[in-house]
Amino acid sequence: MESALTARDRVGVQDFVLLENYNSEVAFIDNLRRRFRENLIYTYIGSVLVSVNPYKDLEIYSKAQMERYRGVSFYEISPHIYALSDNTYRAMRTERKDQCILISGESGAGKTEASKKILLYYTVTCPTGDHMAALGERLLQSNPVLEAFGNAKTLRNDNSSRFGKYMDVQFDFKGVPVGGHILNYLLEKSRVVHQNHGERNFHIFYQLLEGGDDDLLKSLELERNPQNYNYLVKGNCPRISSINDKNSWKTVMNALLVIGFVEEENLMNIIGGILHLGNTQFGEGEEGETYVTNEDQILTLEKLFGVNSSALTEAVTHKKLTAKGEEMISPLNFEQTLSARDALAKSVYRRTFNWLVEKINQSLAQKDEIHHSRKDFSVIGVLDIYGFEVLQHNSFEQFCINYCNEKLQQLFIELTLQYEQEEYETEGIAWETVQYFDNKIICELIEEKHKGIISIMNEECLRPGETCDASFLEKMEDSIGGHPHFVTHKLANGKTRRVMSREEFRLLHYAGEVSYNVNGETILKQNEGLWHKFAGASKSHCFRRKEVNDQKRSETASTQFKNSLMKLMEILMSKEPSYVRCIKPNDSKQPGKFDEVLVRHQVKYLGLMENLRVRRAGFAYRRRFEAFLQRYKPLCPETWPNWNGCLSDGVSTLVEHLGYTPEEYKLGRSKIFIRFPKTLFTTEDALEAKKPEIALILQKSWRGYTERSKYQLIVIQSAWRGMKGRRRAKRRRQAADLIRRLIKGFIYRHEEYGPENDYYLHHIRYSFLKNVRQNLPKNVLDKSWPTPPALLAEASDQLQRLNMQNMVNKYCNRVQPEWKKQMMQKVVASEIFKDQKDSYPLTVGRLFLDTRLVQRNAFPCASQYGVPVVKYDRRGFKPHTRQLLLTNTFAVIVDRNKIKQRIDYAALRGISVSSLSDGMFVLHMPTSDNKQKGDAVLHSFHVIEVVTKISMMACKINYVNVCPGSIRFSVARGKEGIIDFVRGSELKVAKGKRGHLLVVSVFEPNSRKSLAILVR
Ligand SMILES: Nc1ncnc2c1ncn2[C@@H]1O[C@H](COP(=O)(O)OP(=O)(O)O)[C@@H](O)[C@H]1O
Ligand SMILES: [Mg+2]
């Protein structure tokens, strides 16, 4: 992928290790400058990233750029902070080892920017978990807040970090960021009360005055003009063009919200309070005591700090002394009061800053309990610490800063050498030591127990009674006077002595000589007591931290700092380090300007040349076998296109073919080490030369491959098409055949069954039978039936008959005995009366009953049927109401309980009814029988039912006569009577002409009237 580098990326060497003349500082700086000119601000020394501040926005930090660097190996692409970030991340994931990225360089060299780029890279490119989105935002937003409170404009940097910051980002096993934690180091709190000319206080003061709304300022009793505040005027530079305080204010307020600050926390009260504290005026009393002249100011402070005004006044005008084990409060003079006031302001600010970091840490802390309980996450720590600093007047704070840089340099030396050495060891390569300056001696000078500068400083601070800077200096001269890196005015030679004051000591740091002023070092001590008093009295959240109640003798600031540094070193040592070495190209913050002297100085003290030498002492270049083989295999016929044997053999074969001499390279266990860059360059050139050839081969084989693929595609396509076509043709043929057979069959349909028409006839038969099956009659009354084709007429009839028979059988089987009886009677009635008697059709739908009598068993004999009748006298045709009862063998006419006449069925001669719709019927008896009273002339409304039943019971169905016109009947002793039947308009039974009985029926078929009569 090195081929991905553009010509521009290839300016100079992108890794100093490849510099031919690696001992030459000139060549080194020339390479830096050539790349800087092309805006190539990043260059490696092996795995160390050197970065030169461009002082202008480069288009190299976009999301697309991040994607370019994701998962790509270090050397395959142009150097970048993202490459380092990505490599660190991958090392953490694959090796499951905590990592740290140490960013160093002097103020304004771009450390903070680098750390922000790293953080941004992780928040954008890492996989996201459930709460990652919010966490990423909080991680990013912690920066503007910390910068507002911890950064300031200095001469070197408009946004100089005035505190050291170590930030851990915690990742779970899937590589998802799950939490973060910040450690802060030694805030430069002297800035709160004093700024050098051209410098400013911490940004937040100006942001508040510029951006805070009127209501807020009013409640804090502040005015917009920074010139009104003593703590903001010292540098005489309240506004500068590169800083927009108003916008920053908005950003900070928003960031505070994201992090989860709430208004009650009154952060701004403290910032406002500090400004007011700076404006507190003091007067001197007659006895030298000090008092506050503007009491209003104290009342405002009481409100803003939430502290009792008298406690506050006492805190700044008195001091605590311990003499002979007793604590005493004694007044301070005017000068001392001003110092105490400033010390208080610094203390308040420092603690507020610490509290702020604590709040941010709470917000970044992992919310997930699982991660708390088990250490199943890895971290990447990013250290952005203040760079080595030499000012005109260097105080205690510069001492701490530079001490910190000494320590980091130590760590850098130890770890890089150690790593290098370890690598040779693990790879089994002989290693020769390289000379380099080890700054351990300076670190010891500062921190050694009992003898070191910090120890002496502590002793002096903790000594009871008045402290004295002069005695501190003397003590140092006594103890460490002979040390090659320590000089005082007294110890110095003539030349140095001329530039040193008597209140200074000079340290020869690895990065240069610095003179420190001892003035005021020890004032730190006494203010702690007053601080406790102040904080104890305050209601503000920010001061209520654990340390407030910590009444035990507080450690001196230097010890605290030393201890925190030790802890930091421990943290860093436990991790796999990566380095970013930042270089500042000029002092005027100008883009494109490369100040060679300045750069040379930095290259020197950052130890970059040594770093390079160490790296080169052994071998300039190393790469894992597989990577080396993969890249250069086209250069050897045995390894091209693929090497199938063991990797080291492949590499051996390859380098032998390339003609490497034994001193040029060594094979380790997993890596090849190449001693001279030239060897590598020759190999690279060979590869470049070979590329067109490879490209041609690749092109050819690619074309062959694509053509082959295309051809295969065509073969498959045509086979498929052929198959589909054949199937379609077959279907078409079958269809045509069928149609032909049907047409032929139709033509020959009337012929004998044979090959011409068999298919057609079979089809017709099949269709008809299917049709019949689907349309069978639903019941016996349903006479529908599909029309059969001629040739199936007979079969159809048979089928219809069979079907009907079947339905009838089924129907009959379902009929109940009573219903059967009814049916039989109805059948008999039909046989007798159908088409004979007018009233018959109307009775068909009405059921025959077992009796028509209301009192069923009125008559004792076993009657089967009873019906009320009217009996007409044979002579006078007088009507009498009677009942007719039928038994199994005879019928009787009864008048209530009295039998009037018995008619034996055996003797019954016949039964006559009229053909009209009347109810008359005559039971003919034998005339010869004297016992009989002659024929019975009766009338019933149920004549059809009665007659049917009698005829059936007497088994004399054929004896029923339906007589049109008239009925003759016998009266006793051979005489005859006649009943005439006519149709008329009114029902009437009366004696008519010639002694006949005349019966008038009103029946008109279907008339309502006749029906009404019938059913009465
Ligand atoms: N990579 C970069 N690209 C563009 N400008 C940069 C870059 N690094 C630093 N700068 C500029 O330099 C200034 C100082 O950088 P900063 O990181 O604050 O320095 P340091 O933290 O080392 O003191 C920044 O405010 C910015 O203007
Ligand atoms: Mg910084």
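Cβ atoms are placed via backbone N, Cα and C, with glycine included.
Curation does not apply to TrEMBL; its annotations are automatic.
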Which range of 243-265, 381-403, 565-587, 611-633 is region 'Actin-binding', per TrEMBL: 565-587
Same-chain residues near the region 'Actin-binding' (565-587), Cβ under 8 Å, at least 6 residues beyond its ends: 32, 36, 45, 47-55, 81, 84, 87-88, 91-92, 95, 97-111, 114, 156, 166, 183, 185, 379, 381, 383, 387, 403-404, 407, 411-412, 415-416, 593-595, 598-599, 602-603, 606, 608
Where the C-beta lies under 6 angstroms from ligand 2, the matching binding-site residues among G105, E106, S107, K111, T112: K111, T112
Residue among the binding-site residues S107, T112 whose Cβ has the most other Cβ atoms within 10 Å: T112
Structural state census, the region 'Actin-binding' (565-587) (DSSP three-state): 9 helix, 8 strand, 6 coil
Of G105, G108 (the binding-site residues), the residue whose Cβ has the fewest other Cβ atoms within 10 Å: G108
Cβ-centroid neighbours of ATP site G105, E106, S107, G108, A109, G110, K111, T112, 8 Å, sequence order: N53, N157, G387, C582, K584
Mapped DSSP class for T112 (ATP binding site), helix or strand or coil: helix
